[in-house]
Amino acid sequence: MRTVILGVIGSDAHVVGITILERAFEAAGFNVVNLGVQSSQSEFIDAADEHDAEAILVSSLYGHAEQDCQGFQQQINEAGLDVTTYIGGNLAVGQDSFEETRETFKALGFDRVFNSETDPEEAIEALKADLGHRSREEASSEKVQLGS
């Protein structure tokens with residue numbers, strides 16, 4: 001069973017969304033480690049390392065995710081983790097264009113960025129595709145190493 005880390009980053013205390021996501025991802029066959037609300041970057045990273053997670057799913061609804069996520073990808077890399085990272089929610093105060101917001105978070109290193117109206121099934125299908133693609137890449141990489 002694939003493990004994902006889920007939580008609300010920073011000072012955000014919105015719990016309903018991650019509860020819905022936790023149940024949806026579990027129903028889809030994932031092992032979900034739910035950090036709850038007001039989680040720090042290091043809590044996500046430590047949990048991903050401890051549970052050998054394949055993905056980190058970050059939620060934020062209070063509009064300050066950009067500040068909360070500065071340096072997150074760098075810390076993930078420094079920890080030596082190879083994880084897929086998603087973020088979703090109401091990520092920016094007064095966001096004019098979600099495309100601009102998406103580009104901001106892609107530049108911060110997130111693999112996928114979702115708005116607050118995204119159906120959980122969309123994120124689940126995206127993660128299955130991303131992890132499936134990743135498994136194929138790892139398998140072919142291992143074959144190359146074995147054949148060398």
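Going from the start of the chain as shown, residues are counted 1 onward.
The backbone N, Cα and C atoms fix where each Cβ goes, and this holds for glycine too.
Features as listed in Swiss-Prot:
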- SER11, ASP12, ALA13, HIS14, VAL15, SER59, SER60, LEU61, ASN90, LEU91, ALA92, VAL93, GLY94: adenosylcob(III)alamin binding site (BINDING)
- 129-141: compositional bias 'Basic and acidic residues' (COMPBIAS)
- 1-134: domain 'B12-binding' (DOMAIN)
- 129-148: region 'Disordered' (REGION)
*asked:* Please list the DSSP helix, strand and coil residue counts for the domain 'B12-binding' (1-134).
replied: 59 helix, 30 strand, 45 coil
*Which site among SER11, SER60, ASN90 has the most other CB atoms no more than 10 Å from its CB, taking these as binding-site residues?*
SER60
*Are there residues of the same chain, six or more positions away from VAL15 (adenosylcob(III)alamin binding site), whose CB falls under 8 angstroms from its CB, and which are they?*
VAL8, GLY36, VAL37
*For ALA92 (adenosylcob(III)alamin binding site), what residues in its own chain, 6 or more apart in sequence, show a Cβ-Cβ distance under 8 Å?*
GLY63, ALA65, GLU66, THR101, THR104
*Residue among binding-site residues ALA13, GLY94 with least C-beta crowding, 10 angstrom cut-off*: GLY94
